[in-house]
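Remarks on the structure that follows.
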């Protein structure tokens, strides 16, 4: 074939549905079979440069894809405009040839005459070399790189170069070696995704070593979003990659990423003690690594709740970590401040137990860690009490205020696509309720400032419940009162029947089990049994009448003026609680009557002991029903610190501390065995 040279830019053609005509299947088969004789006789009846497939492929596209060299030569010589034709995906014939790995002499001749074909993009931004790498066509890759070595660093629409794609796919057929061995300057890779980052993402150390040997300058490439290679390896927690990069590219540890963090900060965020150890081996001066906010590595680990890293840093040499313990950032926050603000109870617990950590330092807002803990707990409680609808509405109003234009105009039409792409505001976020409360409880016992005894009583003022909350309480109490009344009424009306059964010998065979128990039992006849029965009846009647009175009061409040509702709720709660309390005691008397004449002495003792224990527990719980709501709030506030602190200790020592200790013991045994061996 003779060289055919045309002006690529002036003759680029794409599919035009108004002018193009779909080729028939017979003509397609002739091209597929490379039947040049039949094809020539048939193609004369049409306009070859207008014939396309449904996907927009021209005759030359089809010929190249099937390796029909004779027809490809004929079409390129007779209809040169097909050389620059594109299909629906903007693929040129070279894209098709590279994808199929069919670089015939015809294609090579055409590219030799029109070298700009090598760098033409399709709709995805891929040049032919991209497609060849994706399909793993080694010969096509080698030939295309020879034509333009700079193509290996050309980025497509997703900012991926052919070299990046080769690393990402982990090609083992030599494609990566061919791309790394080219003599093109890697400075052409100014933007886009780094192939080193792809190797780190794949956690492939072999590829990292290949890149470090062939193109060590690529290790210094800095991604706009992910930072340099050490930043990315640290954020991924890739230990082998960090070790390799610290050897080949140690200066990368002194660079900041887009957020102003050094790689060691990202290692602390990742909760990887091993990564921190590797950085400390090379750079044993952690106080020098301050991010853009003025935060050291202990700040970052504490703010992100990485307890393992915090405990490891606290165990380092005193001279190394002394500046870190109480260091302050730009906002005047110490690591303990940040751990408290983020509700990171694990990190706060590790810090507050260290005697070297100051607990009363105030930040720029004049707040101590305990002040922040109290503030965060109040926010968490307020958010917890709100319904989902209220939170959604508040969030909507918050975002609408932030999205208001500076000139105050709101009447302009907004593109729905752009509106959908708006990200939610980062300033508004929900506080972790459990994290805030447990952190407050930890600081309450370890960092609480000394206050007078009168202050909790003067500062704790009972808040009247909201109208909806009061109505809900009335409904719940009414249901409980009716249930208690029903149970106690049933217990009262059954006793005469049981007594008649025990006194009548005629029903001995009809009610075998029941009559046997009451016949053998002297509870109804003996003075002790009679006293138990009297006690049971009194408690049952009192519970019945108390619950009925409470139900009547609640109905009266629900049907009439509710201005006395808070007092009625408290008084009704007192009566309903008393009814439940008396009902439990009546049940205890009933069990004692049932076991009075039985031979199960051990069972009776067990039931009595259990009953006494629960009786004492119920008595303690019932005290809260008697006390006014304001006093209850003070007691609940004081008890909540103990409850959350005890729950934290249980979780810490069972789920966090114990596994760490077991792993340390296992590592110790392994090291001893290796040393002895």
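Cβ coordinates are placed from backbone N, Cα and C, and glycine is handled just like the others.
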Correct range for transmembrane segment (source TrEMBL, candidates 430-447, 448-465, 502-519): 430-447
Stretch among 430-447, 477-495, 536-556, 568-595 sharing the most Cβ pairs under 8 Å with the transmembrane segment (639-658): 430-447
Mean per-residue pLDDT computed across the repeat 'ANK' (331-364): 94
Helix, strand and coil totals (DSSP H, G, I; E, B; other) for the repeat 'ANK' (331-364): 15 helix, 0 strand, 19 coil
